[in-house]
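Peer 1: Handing you this structure, nothing more for now.
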Ligand SMILES: NC(=O)C1=CN([C@@H]2O[C@H](COP(=O)(O)OP(=O)(O)OC[C@H]3O[C@@H](n4cnc5c(N)ncnc54)[C@H](OP(=O)(O)O)[C@@H]3O)[C@@H](O)[C@H]2O)C=CC1
Ligand SMILES: O=C(O)C1=N[C@H](C(=O)O)C[C@H](O)C1
């Protein structure tokens, strides 16, 4: 490896692929060994790690190849996965190190801990609602970040998100279920990514939130994750691991 980390870039022509490319241009010790897109089949043998911002389907297909070939390491930023697609990524993580995160920003990964703590401390008569706003071209909803925040809130309540997640509200049967966690998604213009977690009792409202100003922050986090994951044992990691938040 001669000290240089060889990066594969999946989704290289996309918004995030271009942002990662720009960060790597300035980064010593890392070179882009190959760029993949919809038409190009990746030559995985040329990469130590692939940074992947594509689609849930494309990321699952890439993970299936890693599961077969045992390499390279993966940093997966795509969102909108089905349980089956997540299972394919978990299989890849049995043979190679994989960092999977719906958000690579430091701020959101701090927020996850704060939300978990608030949900744990505030009694269940505080309703929890999660609101996210993204640009008009985003394919999936709720965002991957909103789901991670929902999982943190559910963990604070000692439950799995699947037990507490409210059905989308629409029409006459939309009354709030006590203890549920609701999600709302807005799509507008060029918004990079806004997330709020609202805790509301009868008398007061606590809002914890994060605002992303530029995609480069996700790109910098993904590049940091790539530097961290190369040489790790196989396993499914996330940004809490990369940032060392899980050790404390
Ligand atoms: N974890 C995080 O911090 C962040 C995650 N994201 C997530 O990253 C993903 C990509 O976002 P974004 O860059 O905005 O989206 P874009 O649509 O701009 O880019 C996606 C890219 O993936 C390519 N692609 C699609 N299908 C395949 C395939 N089968 N094989 C290879 N490449 C493929 C597209 O190619 P083509 O143009 O030909 O369709 C496109 O270049 C989304 O899931 C988004 O939610 C985004 C920001 C931050
Ligand atoms: O699609 C995006 O743009 C983003 N997707 C991620 C998500 O689904 O949470 C992260 C970020 O909010 C931007």
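Cβ atoms here come from the backbone N, Cα and C positions, even for glycine.
Straight out of TrEMBL:
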type: DOMAIN; residues: 5-104; note: domain 'Dihydrodipicolinate reductase N-terminal'
type: BINDING; residues: 11, 12, 13, 14, 15, 16, 77, 78, 79, 101, 102, 103, 104; note: NAD(+) binding site
type: DOMAIN; residues: 107-243; note: domain 'Dihydrodipicolinate reductase C-terminal'
type: ACT_SITE; residues: 134; note: active site, proton donor/acceptor
type: BINDING; residues: 135, 144, 145; note: (S)-2,3,4,5-tetrahydrodipicolinate binding site
type: ACT_SITE; residues: 138; note: active site, proton donor
Peer 1: Please list, in sequence order, every residue of the chain apart from 135, 144, 145 whose Cβ lies within 8 Å of the Cβ centroid of the (S)-2,3,4,5-tetrahydrodipicolinate site.
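Peer 2: Near the (S)-2,3,4,5-tetrahydrodipicolinate site, the remaining chain residues are 79, 102, 103, 132, 134, 138, 140, 143, 146, 193, 195.
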Peer 1: Among 13, 15, 134, 135, 138, the recorded positions in question, whose Cβ has the most other Cβ atoms within 10 Å in this structure?
Peer 2: 134
Peer 1: Out of 11, 13, 15, 77, 102, point to the one nearest residue 144 ((S)-2,3,4,5-tetrahydrodipicolinate binding site) in space (Cα versus Cα); all of them are binding-site residues in the record.
Peer 2: 102
Peer 1: On average, what pLDDT score does this prediction assign to the domain 'Dihydrodipicolinate reductase N-terminal' (5-104)?
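Peer 2: Over the domain 'Dihydrodipicolinate reductase N-terminal' (5-104), the predicted model scores a mean pLDDT of 96.
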Peer 1: Using DSSP, what's the helix, strand and coil tally for the domain 'Dihydrodipicolinate reductase C-terminal' (107-243)?
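Peer 2: Computed counts for the domain 'Dihydrodipicolinate reductase C-terminal' (107-243) are 50 helix, 35 strand, 52 coil.
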Peer 1: With the Cβ atom as the reference point and anything under 6 Å counting, tell me which of the binding-site residues (15, 102, 135) are near ligand 1.
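Peer 2: What lies within reach of ligand 1, judged by Cβ under 6 Å, is 15, 102.
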Peer 1: Looking only at 11, 77, 102, 144, the binding-site residues on record, which one has the least crowded Cβ, with the fewest other Cβ atoms within 10 Å?
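Peer 2: Lowest Cβ count within 10 Å among the binding-site residues (11, 77, 102, 144) is 144.
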Peer 1: Check the Cα distances from residue 145 ((S)-2,3,4,5-tetrahydrodipicolinate binding site) to each of the recorded positions 13, 15, 79, 102, 138 and keep only the ones within 10 Å.
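Peer 2: Close recorded positions: 79, 102.
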Peer 1: Going by Cα-Cα distance, which of the binding-site residues (13, 77, 79, 104) sits nearest to residue 134 (active site, proton donor/acceptor)?
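Peer 2: Comparing Cα positions, the closest of these binding-site residues turns out to be 79.
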